[in-house]
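> Have a look at this one before I ask anything.
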């Protein structure tokens, strides 16, 4: 997985019987989330996992894979049986002894665009006692492990852990290379345990980029040894992250010279901006910038006058200078869409534009000119961004902002990043999307319930083939409920599927009760009214 940090950095973190090819529209329900690219399954068989179930890997020296298998072994063998502790599985019961993992490249370098594909075959065509997982990289293998774990279940009758739906052959790869989740610890502090659990939960849905909005006007909780007063901007002395906690993350509130004045805390003092950016693969922000206090702050006003800048031109200088610094160190700048709207023609061609609104300019004057700042509601800015040759990340606030609690999971699922983008080249410039958990109304008590299961809907849109996701939401409803239960079993308190964001469950043991007693054509409202 990759992590993006605000003031913003991207960096890697470690995280049988005859089969027939089934089309997505006809496929027997196999509750894997997100939906695999291709699935061959008869769905009729199962194999018990041996108590000494092992991982056999080639090459056998990949530490990331070994630690991941230890974690997934705990997940797969969630329930323990006294029966199996005292007796071995009878020889008459078919068993799976091992998962063989074959990885083409031992290189564990992680970056956007790394090959995440995998193939999972159960059983191994050459060994009926093993499953076979093949991948180009360890990161594809990790996704394959997640899929394997989702088709394993504890059988409460036999008291054995089983792998189901076999024989099965899954060939899988992501549709988009960037599948992100933003969390915001500047508005409410989130303890490290919560941040780590968010990262774990992302892996379950095959999201691969954590965008950590760690600082903003409200707080700066990160330790920077070279600027030891920066984290004086934390809410309290206990609500902080050490550099070791957030390894590889750098810079931005404790040094007043970085701010225009004590009462003017955004944006940063552009006259000292270059001092703050020793970053890796940078998101430079640039959204909703209020420059009015610059003109009221004496030394900034002098600097603007000295350079013959208006405040708007100072903002432009801020962004373009930051881009030059990033590029000098071989980094790729990412900016929110306002930079494109205001001075898009001046942005470096390598810039990735982060699109968050459905607003776009009335007037487009051509790629060699600036964009008019009058807006109207429309099909999004992304078509203009890729039309101008920039890469783009989509985060439509109407349907992919998780703090919008009135947006149901169906809207998250239906949001298509390529809407109104028809050219093949332009489509290739949409590198993916990101759901955003802005932190004004979340803290450790409710962050997971606000993220899940709605983020999972976006995760499937970003992973699975469009030919499947465009078929609508009714076909995935039951499978999403299963995934929500899986999250809960793994300690992630996901909210009910059939409610809006983070709403409490409406009935005791509601999922099972609804499944047992719902009638054909029932809506949630009609079911509750009858119940």
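Using the three backbone atoms N, Cα and C, a Cβ is placed for every residue, glycine included.
Sequence annotations record features per position, and here TrEMBL assigns active site, proton donor to 288. As annotated by TrEMBL, domain 'Beta-hexosaminidase eukaryotic type N-terminal' applies to 32-151. For 176-250, 272-465, the entry in TrEMBL reads domain 'Glycoside hydrolase family 20 catalytic'. As annotated by TrEMBL, signal peptide applies to 1-20.
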> What is the average pLDDT across the domain 'Glycoside hydrolase family 20 catalytic' (272-465)?
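Here the mean pLDDT over the domain 'Glycoside hydrolase family 20 catalytic' (272-465) amounts to 84.
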> May I have the DSSP-based helix, strand and coil counts for the residues of the domain 'Glycoside hydrolase family 20 catalytic' (176-250)?
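Helix, strand, coil within the domain 'Glycoside hydrolase family 20 catalytic' (176-250): 17 helix, 14 strand, 44 coil.
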> Compile a sequence-ordered list of residues in the same chain as the residue listed as 'active site, proton donor', six or more apart from it, whose Cβ lies below 8 A from its Cβ; state 'none' when nothing qualifies.
338
